[in-house]
Amino acid sequence: MHGTFSAIGFLTRTRRPGRIDMTDILSWLWLVGGTLAVLIPVIWAGLSSLKPEAEITRFPPTLLPRAAVQVEVQGFDKPLSLWNATVDGEAREMAMVRRIGLKAQMVDPKYPGKPVSVDTRSISPVQRLTVATENYTDPLTRFNFLTFLKNSVFVTFVATLLTLIVNALAAFALSKYRFRGDTAIFVLIISTLMIPLTVVMVPAYLVVVGVGLVDNLWGVIIPTVASPTGVFLLRQYMLTIPDELIEAARVDAASEFRIFWRIVLPLTAPALAVLAIFSVLWRWNDFLWPLIVLSSRENFTLQVGLNAFQGEFSVQWHYILAMTFLSLVPVTLVFLFLQRYITTGIAGTGMK
Amino acid sequence: MSSTPQASWRLHVATGGTDMAGATGFADRALDLAMAVVEAPINAVERLIGKRRMPYLFLAPNLVLFGIFTFLPIAIAVGYAFTGGTELLISNRPFVGLDNFRTLLSCESYLVPGSCEESLFWTAIWNTLWFVGFNVAATLLVALVTALILDRAIAARGFFRAMFFYPVLLSPVVIGLIWKWFLDRNGLLNAFLQMLGVPPEIFLLEVGWSRFFVVVVSVWFHMGFYTLILLAGLQAIPKDLYEAAAIDAATPSRTLLRITLPLLGPNLIVVLVLLMIKSVQIFDEAWVLTNGGGPGTANTFLVQYIYQMAFAGDLRLYGLASAASVLMGLVLLVLTLVQLRLGKKAES
Amino acid sequence: MGDLRLTNLNKSYGAVAALHDVNLSIDNGEFVVFVGPSGCGKSTLLRIIAGLEDITSGAIAIGGRDVGALSPAERKIAMVFQSYALYPHMSVRKNLAFGLENLKFKRAEIDARIAEAARMLAIEPYLDRKPRQLSGGQRQRVAIGRAIVREPAIFLFDEPLSNLDAALRVQTRAEITKLHRQMQTTMIYVTHDQVEAMTMADKIVVLRAGRVEQVGTPLELFDFPANLFVAGFLGSPRMNILKGRIVIGDDRRVLVDVGQPALLESDVDPASVSAGQEVLAGIRPAHFVVSEEGLPFEVQYHESLGTETYVYGTLQGQAEQVIVHQPGHFAPAAGAVLKVMPQEGRLHVFDPASELALARRHGGH
């Protein structure tokens, strides 16, 4: 009793303890309603992805993935389907031998004797919770899903690594040196924040054609490696590293590159982590650019592949949803473990 | 009592810190290895050009990539906008002057896309404008209300904030597919409506409903991001102002109108413009959700138009697509300048 | 060798000149302190010696070798920074090893030098800790240790004690002095604290607004300040400055009239002054004696420090407040009038226009 009370007390705790007014109630309705709105489509898709092909389009749908149960019965070659039936005024699970019009021939699976005749209008199939793992295993084995996955992992990993190094080098130059044109270069880089990919995608594609990277994963990776957001975020962070550390290293006979690699880079780890998380998310979720650059199936990334699937298997939702869910997993894991990094990173830099 | 979530936060941060420290041993070795490979040539360059020219070397990869994949395309976009034909090489393309712009802009009435020479362009423009209007209003309202609620000292704030933020991280394709399934003829929404006795509807094949749900999905997708920015703005408002207002016997609604919103004002405007810039560029999730802009052209937006002209059709009309890109770029540039201007004002 | 020559050194940032025509010679093994108020250019001068800043014109030589174009690493110097600048992500041992590794020393040599420095500075127990796990004093030692392992020709210290609390500062001061005696290496030490300058230096360089004001041993500077600025800067409480007039007495002795009834005796060279010339007379608070005769000093209040007492008051005809130091307990009532006189040979006389000390009689004090 006491436990229940304190749980309610915890959940309804507000600025003024002991008083719950209308605003609090409305706030809670909004938050709980919003949470449900976020979760229901995702969970619904997740549950659906576990349903067998025959079940997924049943309307009205069942919440959990279920399938009809089959049993082996002595004296019958094939497994029989199991039904709930009322025999002699007693509710029992019976196996159906055959069905003729409104009558069904049924046996008790435990004591198979002579089949009894039952009215089919009074029986319903016995269903058990069944997970259709083939929805997941089939795409992995039969379709190109593994290729897409491999391509996406490659693009995400290589692009993130390059993004970190290229932008950290630029940020180092722009935060720890005074040189002719430093401000102009910084403004030039930041100004590219104003030019979204959607505006330059046509000519950027032409450039990719020109350098021979069309339908090539490197054509997806390289054009977006230089990131103004990345330069800005890392530069702001590097500005907080005391200049005396750089000077101490210089007195310690470190080359400029060694200062970058051994002093500045390790000390920028928190900002690099934030940028790495974002880069992984950007690259993993990227759609329009790979869609433009990649044309042959063996080069598709996961997102482009998913889009292609939904065009081809438009009725095979069990496969589409399963693959959708597989591509959701890494992002969800990143979110669960690094949620705090991401939210503070966004609140601090306003980037997405 | 209220310090408990704070404490667990700190604990989280602290353990995060040790994890990082544990990882540095490995990271150190990886860095050492990479260093050994690249250091010698870079140091040779340093001896050659001197320490003070090294920043140029460090900037070089970045600037080369920006030059090739951002600045060069801008120049090309402008060039292609004045050429016609379907050839890829600019040397093979005939110069057509302002023809592409004339094609895009010639209209008997801009209000009636059918009366325009390039009617799909104007359909896309009007679709985009309507989408931007509804999407900006709805997202802003939902994000603001959520941020205001989360700013109250409410229990489990971190949980809710994370919950609302989760969709932001998902891929647009995944979101399009999840919602497509949710809105399917056999989907959960129709099942729910049937429980209420409403006949099922194929939402995404009906013009009105499909447009409505494109906005719903967009709000669902992005509101967490704007909530986060507004929440950061709200939490920057000094708490003693609220205490002073309480001492001055201000009612909650008066406090909201006279203190919270005016102080949040600059943030609100920045979010508004940012939201407009992003909304104009709607493509990915709408494309997947509506099977490429359907039904018909009810959800064909500007970016989709450009994409189709340049990449999807049998004829690859790069000139027309570039001209449309240039026009959209100008609109975005104006919006961005407004944002920078307001952002600077908000800072001071 | 650790001797240093600066010749006609100038440094400017755009139109702003930071150092004017600095000439300085430091011998091998000297402990030299650069002192001056903030913004006087002392840190800039140190950073120029280190090679962290370029010179605009002039020459800089270490051990007879022109080092103006060399990088810090090539100058055989080591530096202890104000913030210590320990690499926060490295253990103490790695902090010490970093410079030697960069210079491609053998592992055994690195280990030997670290062991020797750690023993000298008693930091052996902390070698595997990170800097943030150390106290301020321990970090300070590590920073010094990082300089020692390099075995430099010159040690440079940039206000190394300013981040320590008062007690630790006194202790560390003594340790650095001891270190200098042990190592016999040239050390250049920048501080704004005149006590550090007085207690540690073989030679003090006083800087103001980018110019060298005076160079000398601590006592030379204290006893014979070359100008008003040096006189005011060294010594605490500050030297009292009185307005006065030259009176030429019998035997051509130069006296200063700062208000009747008494004239103050000085050892100014009579050849350099004329009677009636306006001057400024400087007397340190500790150099006043209370006597039967002298200048009437009206007491305003006093501060008793137990071992000594500072009496604040005014001299007749002088606008500025005057401080008089008395040993031990001394409690004059407010409003009381004492008679005070400077000790013999302790009067400093300056020209008000040039602010330079007037030439003293040959051999006189």
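Backbone N, Cα and C define each Cβ position, glycine as well.
All TrEMBL annotations are machine predictions without curation.
As written in TrEMBL, here are the features:
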TRANSMEM  A:25-47  transmembrane segment
DOMAIN    A:149-338  domain 'ABC transmembrane type-1'
TRANSMEM  A:153-174  transmembrane segment
TRANSMEM  A:186-211  transmembrane segment
TRANSMEM  A:217-238  transmembrane segment
TRANSMEM  A:259-282  transmembrane segment
TRANSMEM  A:317-338  transmembrane segment
Exercise for review: Return the stretch with the most CB pairs under 8 A relative to the transmembrane segment (A:153-174), choosing among A:25-47, A:217-238, A:259-282, A:317-338.
Suggested key: A:217-238
Practice item. Residue list, the transmembrane segment (A:25-47) vs rest of chain: Cβ under 8 Å, 6 or more residues beyond ends. Key: 12, 63-65, 321, 324-325, 328
**Study point:** Close approaches to the transmembrane segment (A:186-211) from elsewhere in its chain (Cβ under 8 angstroms; 6 or more beyond its ends)
**Key:** 170, 174, 219, 223-224, 228-229, 231-232, 235, 288-289, 292-293
Revision key, fill the gap. Same-chain residues at least 6 beyond the ends of the transmembrane segment (A:217-238) with CB under 8 Å of its CB atoms are 151, 154-155, 158-159, 162-164, 166-168, 170-172, 174-176, 186, 189-193, 197, 204, 207-208, 264, 268, 270-272, 274-275, 278-279, 282, 286, 289-290, 293-294, 299, 301, 345, 349, 351
